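Visitor: Before anything else, here's the structure in question.
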Amino acid sequence: MKVLSALCVLLVSVATAKQQLSEVEYRNAFTNWMIAHQRHYSSEEFNGRYNIFKANMDYVNEWNTKGSETVLGLNVFADISNEEYRATYLGTPFDASSLEMTESDKIFDASAQVDWRTQGAVTPIKNQGQCGGCWSFSTTGATEGAQYLANGKKNLVSLSEQNLIDCSGSYGNNGCEGGLMTLAFEYIINNKGIDTESSYPYTAEDGKKCKFNPKNVAAQLSSYVNVTSGSESDLAAKVTQGPTSVAIDASNQSFQLYVSGIYNEPACSSTQLDHGVLAVGFGTGSGSSGSHGGSQSQSAGSDSQSAGSESSQSESGSQSQSESGSQSQSQSGSQSFSGSLYSGSYSGSQSGSQSGNSGAAVKQTGAGSGSGSGSGSGSGSGSGSVSGSASGSASGSASGSSSGSNSNGGVYPTAGDYWIVKNSWGTSWGMDGYILMTKGNNNQCGIATMASRPTAVASL
């Protein structure tokens, strides 16, 4: 994880620099990103992915220079277009405009803060992979929390998303093509339970038949309640009682490339909802994704995906690529970065050679500076090498370390009211798999438009 942290610091600082990047800088950033995320491209695919990466890097640069509380970066989705991202990881938008949009008459203390991760009610971040089964992860997350609370805060058990994908089709869900959390709750209620993750593991694809086994049931639901549509105060009341399933608009490029801070996207829709997630708390003022026991542990499955393939995340590794021409370079120096949310420094070195379209050999040494996001200080070192030929092979490795701290004990500081939302894209996305979404901001992204919280049967 140390190498990835160091590389991420470098990539974010390059991406936030207020200057036009050279082709060499783009290529260096892409090479480092490929090594960190262990990407493998065919010769036919490489140039297309590189151009998409450059466009995403430009978008990140432009966004971050505006000083938003939302910080973007070159995360696990940096090599796919927004169209690919929506088609692969999101469901078909559900039109919730017909839902009654009224404010709840419940009175709620807006100063209160809740984080169910600190109560042991949230399982580690999971990864849906290239399957549009987000609804199943939202459902299991809410059910896991409900069962844990019904059992007196004892025995948190990870539940099977594959059980829901394979077996709830008759209720209206469509596996990897999408579904609704309420329909999944109905299935669990009528089915008298859902199996454990360990007994019915996730495959990231539609199963050919339902393999539910009542002997492996680890949770049962008695009912569920819907949040008053559009009411964030009612959503807060429900989240105070336990983790709550919510549907949101996650279609924007800013959501795709989110890395930290409070997510605030005015272009978000409150009625066109395409992603199921889990609200596990809310807060105000300085907040973070936090590190609360198991909730921040490595998830089941891989953290790194690209269009058409999946690979596992690691701190060092190698990959292949193909281009025409050749290019070699070596670089050493230091990188500094500062911003309203993050201040610190990165130092390190890298060297290598890679194939490239320019056919020119370039060597450079020096230091660079940029701006970034976060709070604290960090230092790290890294080295990497890439070699390639016209036939299209390349290998690379990276090693290094980084360290950092800030006033919040090493976490990203933010300001404002926010929802703590658990996603299902692995720990390489967002803040260790979480996103902080703006709260009390006109139901932005539809956070309270279509939300539900289940109630579990005790003593399971």
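Backbone N, Cα and C atoms are what each Cβ position is placed from, and that goes for glycine too.
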Visitor: From the candidates C8, C210, C268, C445, select the one that Swiss-Prot records as forming a disulfide bond with C167.
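Guide: Swiss-Prot lists the disulfide between C167 and C210.
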Visitor: Check for me: which candidate out of C131, C268 does Swiss-Prot give as the disulfide partner of C176?
Guide: C131
Visitor: Using the record from Swiss-Prot, pick out the residue from C8, C445 that is joined to C268 by a disulfide.
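Guide: Checking Swiss-Prot, the candidate bonded to C268 through a disulfide is C445.
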Visitor: Run through the Cβ atoms and count how many others sit within 10 Å of the one on H275 (active site).
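Guide: Around the Cβ of H275 (active site), 27 other Cβ atoms lie within 10 Å.
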Visitor: Which of these recorded positions has the least crowded Cβ, counting other Cβ atoms within 10 Å: C134, N226, N252, N423?
Guide: N226
Visitor: Using DSSP and collapsing to three states, where does C134 (active site) fall: helix, strand or coil?
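Guide: In three-state terms, C134 (active site) counts as helix.
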